[in-house]
Structure formats: C-alpha cells, structure tokens
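What TrEMBL says about this one:
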type     : residues : note
DOMAIN   : 130-201  : domain 'PDZ'
TRANSMEM : 7-25     : transmembrane segment
TRANSMEM : 119-136  : transmembrane segment
TRANSMEM : 292-311  : transmembrane segment
TRANSMEM : 339-357  : transmembrane segment
C-alpha cells in the first residue's frame, strides 16, 4: 500500500473518527463545567500549536491544533491539559475569580465535571446503539458456528476462513454450535485441524492451525474470529433498554479483562495502540456503514471506560482524588498529587509504547513500513 493510499484509506478516517469521539468526550466536560459555573478557557481538538480557532461569547477559545491524537478542555485554575491544579494561580485569586475556578467548587461539583466526559462517551454509544436496534437490529449471536469477523494475521485468516462461513465439522467431530468449535480449537494449539465449512451453500475443506496462546499456565488454541450474528429489531420503547444492557455488559467484560491482565490470567498481546486501531479503522471503512457505526460505538465505549480507570492523568484519577477528599473531608496533599501525576504520566507513556510495539509485532513492522512507503 503506497503512502498516499494509506493516508486516504487509513490515517484520515482514523483521525476523523478519533476527533469525533474526543469532541464528544470533551463536550461532556465542557457542558458540566458551564453548568457548575466554571470558566472554560480552552476547548481544543488536538494538541500543540493552534491551526485555527475562535472565541465564543463567554471567552472560551475553541481551536483545532496540529497533533490530532486527542484533545482537552482547560478550565480556569488548571495548570495544563491534564487539569492539574495551578497552585500559584490559585493562591493569588480574587474572590470573583474563585467563583469561576474549578478548584473552589464543592467536591461533588468537581466529581460531576470529571465524570461528565466518560459519561458523554457512554451516552453517545447508547444513542447510536438505540438507533441501530430500532432501524437495523441488535446483533444476536447465532446458534450455529457461523463466523463473524476474521482478525488480520489470525489462524483463521491464514487458513482462508471468511466472514459468514458456517463450520460444520472439525476432523471427525460434527460441529453444532460456536461453542463446539471454540472448545475443539482451544484444546489443539499448534495442531493442524481439518475444517469442513459451508460457504454460500457450498462445502469447502480448509486446513487450520490454531495459534498458540498462554492462559495462566496453559497453552490454548486461538482461531481469531468473532461469533457470527443475526439482526433482531426492537421497538422504539424497548430498544434503549437493550442498548443500556449491552453498554453495561461491555463495561463488566472490560473490567473482567483488566482484572485478568493484572493477575496474569490473560496475555497483554491483545492490547492495541494507535497503529492497531488505525489499521482496524481502515478495514472497517471498506465495509457497510452500519459496521462503521458499530466501530464508533465500540471505540466510544472504550474511550469512556479507559478514562474511568483510576489512573492519574485520566478522569478516573481525578475522581479517585475527589472521592478520597469526600471521605477524608480534606484534599489529597499537593505533593501526593504531584507524585501520582508523574507516575500516571510514566504509566501512560509506557502503555502507549507497549501497545504500539504489539501493533508493530502483529503487523510485522518491516512489512508494514514497506507497504506504507511502497
């Protein structure tokens, strides 16, 4: 893939979708801040030098910046884009300025401002999901072993399995459900299996070698596919509840995954960074518009969930400090916050570098760069 084609098909769609979701996230913070009487100085999509911008009637600078890999809302009394308090500025504030300062609002007002960004991402996903459930349908896993999405460079992709294939037999074992297939693949890491599948009502035989993965101390087989689905429409009065249930289910599964990674029960090889997400965006853009919407829903939920994790630099880190303050009756010390921010910053940098390394490893870095530069 030449560099111009990569920019058009991968980079631009990725940045457009990311900027949209960042805008939704920051709009949540902005709305909550304004509702609580906090002055918002800057609303930026991207980091670094401003490309263009304008001031609204209340003095907020809305701008687009050169590095479009995120965004921020800087409020009155913030030291930086991470909303770290500017203690020197705070100490010199007049009474009038204190009324507009986030730092001088009640702890519950500050909690509402920090939580509003992630909740905006959840609300955005909920609205999109509700619309899809009404007009397109909720994706319900099929009872049969129907293949949904095939992951790039997976065992399934290398063997030639495709979306909508129905697996009917593996070796001499008949396959009646997706779980039957999952268990057989799991038990045979690195071993060649003979798949008999139905593709467009025609039988097809494929040789598949499940990739080996570590799960606790066990070696298990991985195929690299998702469960095929059918679309079931819901009336407008019940669709929001189905959508809410799926949003909550996603959050629960994400919490379980984080717990498994922290306890070593799940490998970190599946973590994706900017390159991996950009690659997925390019692939999704070649599919139907509903698939693009589902991808936006998935990314928005991930953005909301990630920001709720109790990591300094993230909204969840601010929420952790505020809840501690609410319990203790006094703020966490300035020194403790400074140390926590440094640790959080280091962790975020490490996470980005590690996930990027994962992306390059999966994409075979040299081959990836060769494809980009033609």
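Residue numbering: from 1, along the chain as shown.
Any Cβ shown, glycine's included, is placed from N, Cα and C.
DSSP assignment over the domain 'PDZ' (130-201) gives 20 helix, 23 strand, 29 coil. Long-range contacts of the transmembrane segment (7-25) within its own chain (CB-CB distance under 8 A, at least 6 residues past either end) are made by residues 1, 45-46, 68-71, 117-118, 120-121, 124, 274, 277-279, 281-282, 285-286, 295-296, 299-300, 303-304, 307.
For the domain 'PDZ' (130-201), the model's pLDDT averages out at 94.
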